[in-house]
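J.: Pulled these features from TrEMBL for this protein:
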type: REGION; residues: 1-23; note: region 'Disordered'
type: DOMAIN; residues: 20-110; note: domain 'Chorismate mutase'
type: BINDING; residues: Arg30, Arg47, Lys58, Glu106; note: substrate binding site
Amino acid sequence: MLDKSRSPATEARMTTTLPGPDCTTMTEVRAGVDQVDRELVALLARRFAYMDAAARIKPARGAVRDEGRKAQVIANARAAAEAAGLPGDVIADLWEQLVEASIAYELTQFDARAANMDNVDT
């Protein structure tokens, strides 16, 4: 909703996020960070949908944790971060947490699916 006490330019600045280098106020910075956070959550929802699929497709609970794949995912994130000029160690640590959370979620989904299958059989 437009605030009639604000000029159209001010209103546009408040509803449109600026690229980081273009920000001149903390309000603009925070708006940008909040927008990126919303986008990250949407991307995590997409990622976790793949964990749902993996839990459905994998034949056994033991197949959920794949240390080789985990190492590959973290190495890929580190390389992409470094190519983008970001600190590889920081991104690798973040991805370690992301992958572990994804594994925990997938295990929960796998167990729920197995419990549902057990209930169908009884």
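Placement of Cβ uses the backbone N, Cα and C atoms for every residue, glycine included.
Just so you know, TrEMBL annotations never went through curation; they're auto-generated.
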J.: Over the domain 'Chorismate mutase' (20-110), what is the model's mean pLDDT?
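T.: For the domain 'Chorismate mutase' (20-110), the model's average pLDDT rounds to 97.
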J.: Using the residues the record lists for substrate (Arg30, Arg47, Lys58, Glu106), what whole-number Å value is the largest Cα to Cα distance?
T.: 41
J.: Compile a sequence-ordered list of residues in the same chain as Arg30 (substrate binding site), six or more apart from it, whose Cβ lies below 8 A from its Cβ; state 'none' when nothing qualifies.
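T.: For Arg30 (substrate binding site), no residue qualifies.
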J.: I'd like the Cβ neighbour count for Arg47 (substrate binding site), meaning other Cβ atoms within 10 Å of its Cβ, all protein chains included.
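T.: That number is 13.
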J.: Mind checking how the domain 'Chorismate mutase' (20-110) divides into helix, strand and coil residues in DSSP?
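T.: Helix (H, G, I), strand (E, B), coil: 78 helix, 0 strand, 13 coil.
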J.: Tell me, how many other CB atoms lie within 10 A of the CB of Glu106 (substrate binding site), whichever protein chain they belong to?
T.: 23
J.: Who sits close to Lys58 (substrate binding site): which same-chain residues at least 6 apart have their Cβ under 8 Å from its Cβ?
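T.: Once residues fewer than 6 apart are set aside, Lys58 (substrate binding site) is near Val64, Phe110.
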